[in-house]
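Comments concern the structure below.
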Amino acid sequence: MAPAVDRKGYWGPTTSTLDWCEENYVVTLFVAEFWNTVSNLIMIIPPIFGAIQGIRDRLEKRYIAAYLALTVVGMGSWCFHMTLKYEMQLLDELPMIYSCCIFVYCMFECFKTKSSINYHLLFTLFLYSLTVTTIYLKVKEPIFHQVMYGMLVFTLVLRSIYIVTWVYPWLRGLGYTSLTVFLLGFLLWNIDNIFCDSLRNFRKRVPPVLGVTTQFHAWWHILTGLGSYLHILFSLYTRTLYLRYRPKVKFLFGIWPAVMFEPQRKH
């Protein structure tokens, strides 16, 4: 992470506890971190279409919530990187916790009867979210949020590995692709933090078009957005397979993956 550059922008002084490696107000005076902002589109638009498709397919509400939660994270991150205001930072970081809790619920309820509700798990995840929120609002320490978020992601990873190892081995491709994409994003996030000064110096010496490719926090958004979306597909595929539907991963326009399914034929 790096301190803000001495360039004044529309949103005024930075009040967030984090300021990332992208130089502030370089592309436009109306967006503090332009590339870190627009890269959130991958977390906003595709999940909206996923939720719409889910409503049409009459999916369980938990999966509609998962899609919409990812969209909320993207919108919050957009507002945070656009303004670098503390309130907008919370709008980014807290939904990361809430969305992951929804993902955890979906993953651990894949093998239950249709429309069942696990109130004990719901209460546990609600209590976790409430505790993290309360503590984070008081301590305002980003590392605390990162550890709490990491614990949820680690839980999802373990559950996913269990499913592709012991339950549906033929889903390894989708499960491990989701994990690999997410971990690659995490790697670039760390590179952006650790080598920020070197990256900034490099961007000063190369054409802007080339410099954009080193905005690794923006790549973190793209890769974790895609990884999270693929995780929802993996969870949804697992669930509908258990319910004896016939899910298939199809590529819309030959590019974007989506799960399409239909009820099993009755004889």
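Note: Cβ is positioned from N, Cα and C throughout, glycine not excepted.
In terms of which side of the membrane each occupies, Swiss-Prot places Arg56 apart from Lys85.
Contact between the transmembrane segment (216-236) and the transmembrane segment (88-108) is present: at least three CB pairs lie under 8 Å, with pairs separated by 6 or more positions in sequence.
Cβ packing within 10 Å was compared across the binding-site residues Asp19, Glu22, Glu33, and the lowest neighbour count falls to Asp19. Confidence annotation: the topological domain 'Cytoplasmic' (83-87) carries a mean pLDDT of 98 in the model.
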